[in-house]
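Per Swiss-Prot, these features apply:
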{"type": "BINDING", "residues": "PHE264, ASN265, LYS562", "note": "substrate binding site"}
{"type": "BINDING", "residues": "GLY338, ARG464, LYS562", "note": "ATP binding site"}
Amino acid sequence: MIFTQPSFVPALPSPLPLGETIGDFCMSERLAKVGNDAVEEQPIPFIDAAIDKSWTTDEINTRVAQLTRALATEWNIAPGEKWHKQVAVLASNCVSIFMDTLILTWAIHRLGGGCLMLQPTSSVEEMAAHIDHVPPFAMFVTLDLVTLGQETIQKSSQSADLPFYKFSKVYGPPAKNAPDTSNVKSLDALLEKSKDQAPIEKLLLAEGEGSKRVAYYCTTSGTGGFQRIVAITHENIIASILQAGLFTGITKEKSEIALVFTPFNHIYGLLTAHTLMWLGHSTVIHRGFNMLEVLMSIPKRRITTLYLVPPIINAMSRNASLLDRFDLSSVSSVIAGGGPLNKEDYAKMQTVRPNWKLLSGWGQTESCAVGSLAYPKDTVAGSSGVVLPGVRLRMRNDDGNLVQGLEEMGEIEMSSPSVLYEYIDNATEALITPHTEEYWRPTGDVGLIRECPSGIQHLFIVDRIRDMIKVKGHQVAPGEIEVHLMKHDAVGETAVVGIADAVAGERPLAFVIREPSYSPETSDAELRKILQDHNDSALPEIYRLQNRIIIVESIPKSANGKILKRELRKQVVGWTPPKE
């Protein structure tokens with residue numbers, strides 16, 4: 001059975017508008033939506049919260065044009081030449097570097113190139129492998145990451161003469177023991193060198209070109225295994241922008257002011273920035289999630305929508321008294337991405353902020369970020385929303401058969417013009433060969449479709465296949481144990497992974513962060529026993545933790561707040577329970 005969008009959701013246009021690169025596509029549509037308004041009434045596309053810097057559409061257009069000319073001059077790209085090279089971008093998660101990064105990528109797209117978005121939270125070894133799989137023509141780094149970028153090149157098989165550039169500015173206090181970067185060419189130097197050159201015309205894409213020309217190479221999150229690289233074409237991301245944008249357009253009565261902190265080297269941040277630009281909304285950028293900074297920013301900017309991840313939503317719900325100290329009346333909705341928001345966490349946040357609409361979604365890097373979003377007029381706790389325009393879903397059960405109805409659980413397979421075809425192990429140029437036949441991508445997520453009381457069908461995510469724990473031949477979803485543990489007042493945060501067991505094959509093991517306000521006189525050993533009783537007395541035998549509970553100070557997370565279960569699995573290799 002194939003599940004598609006509800007009837008009230010607008011259809012995806014056919015054919016897709018693929019005549020421009022994605023940056024120009026978003027800017028053209030934005031101007032069509034708000035360009036006729038008085039300048040002072042036009043929503044500001046991007047606002048840099050830390051330094052109070054606004055980027056208008058004109059400023060962005062001018063900067064993109066200047067950088068396009070500068071890069072063409074530096075690399076001897078002739079006017080009208082379609083370039084196919086790949087450029088690596090290693091940018092820190094700090095303030096206006098967000099916009100510098102985005103503008104740089106749009107300039108590279110105008111030349112025909114693709115951008116390899118490296119994550120600074122990756123190891124040198126991981127990044128070296130990435131630039132070996134996608135050999136870049138050049139690399140751009142932020143000032144604080146010059147040494148990391150140089151070490152990455154040295155660790156890789158790439159030439160030490162690889163053109164290496166730095167972003168011109170650093171925001172915030174200078175780093176201690178900062179390296180000397182005076183011999184590294186800057187963006188400002190490129191701009192100065194090319195200022196008298198003729199402008200470069202915008203790149204127009206021929207029919208079929210958008211489906212094979214790569215815009216971004218992104219790494220998968222690596223939360224459950226090794227990082228992999230996927231190629232995102234202009235068609236992929238334009239389809240995803242339209243899917244999210246058309247759906248959001250029917251749910252928003254006025255322009256929104258959104259708060260975003262997810263970095264642009266991650267697909268969630270990339271898609272959010274592009275979609276909000278396309279919609280004509282304003283985006284307030286923070287360097288990361290600092291609770292006090294965000295709470296102060298909301299009344300100052302009159303933020304209407306928060307783009308968050310579930311761990312941060314949980315952190316806010318645990319700090320209700322802190323939230324009460326600020327005027328948060330402008331906020332109407334919270335978009336939860338980067339992972340499913342379970343019904344218990346949903347309920348906690350609704351108790352703290354009953355007037356906020358909590359809107360969860362589902363997607364992944366391989367689906368170019370999004371496949372479903374919550375419908376504000378029919379929100380359901382634990383739901384990941386409804387299927388978006390142009391998306392088709394089907395589920396395959398453990399026997400390998402397609403499910404034939406509602407409430408049947410299976411691995412989700414997705415078909416959509418936004419879906420990426422394969423992982424990239426060897427890319428010599430920013431072009432791929434698109435599939436010509438119908439393509440269904442297995443997602444690795446286990447889910448089901450449920451018809452809710454409204455009659456609207458919703459997607460519910462059960463767990464990741466690779467995170468499922470096989471106990472005595474039965475599949476155990478870690479999320480079910482995590483949800484139950486979070487019901488206890490002692491648990492601030494938790495993550496459950498599988499550990500080898502000689503008899504059962506695997507057994508669940510829980511990492512737990514103690515809630516600071518809970519009974520400080522209770523020892524870790526006593527707390528483990530309390531949580532064991534709480535869990536094992538309520539759940540079936542295959543879900544029991546027994547003495548497999550580890551109390552920790554922190555749980556490793558990716559830059560966008562996802563729990564890194566692969567790191568947790570490494571920590572419990574050869575683990576034995578404490579003797580108590």
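Note: Cβ is positioned from N, Cα and C throughout, glycine not excepted.
Here the structure is a predicted model, which means the values were calculated and not measured.
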Starting from the Cβ of GLY338 (ATP binding site), draw a 10 Å sphere and report how many other Cβ atoms land inside it. 27
In whole Å, how far is ASN265 (substrate binding site) from ARG464 (ATP binding site) when you measure between their Cα atoms? 23
With an 8 Å cut-off on Cβ-Cβ distance and a minimum sequence separation of at least 6, pull the same-chain contacts of PHE264 (substrate binding site), or say none. ALA91, PHE98, THR101, LEU102, THR105, MET117, LEU270, ALA273
Hey, what's the Cβ neighbour count for LYS562 (substrate binding site) at 10 Å? 20
Check GLY338 (ATP binding site) against DSSP and tell me helix, strand or coil, would you? coil
Between the Cα atoms of ASN265 (substrate binding site) and GLY338 (ATP binding site), what distance do you get, rounded to the nearest Å? 14
Could you state, as a whole number of Å, the largest distance between Cα atoms of any two of PHE264, ASN265, LYS562, the listed substrate binders? 16
Measuring Cα to Cα, how far is GLY338 (ATP binding site) from LYS562 (substrate binding site) in Å? 7
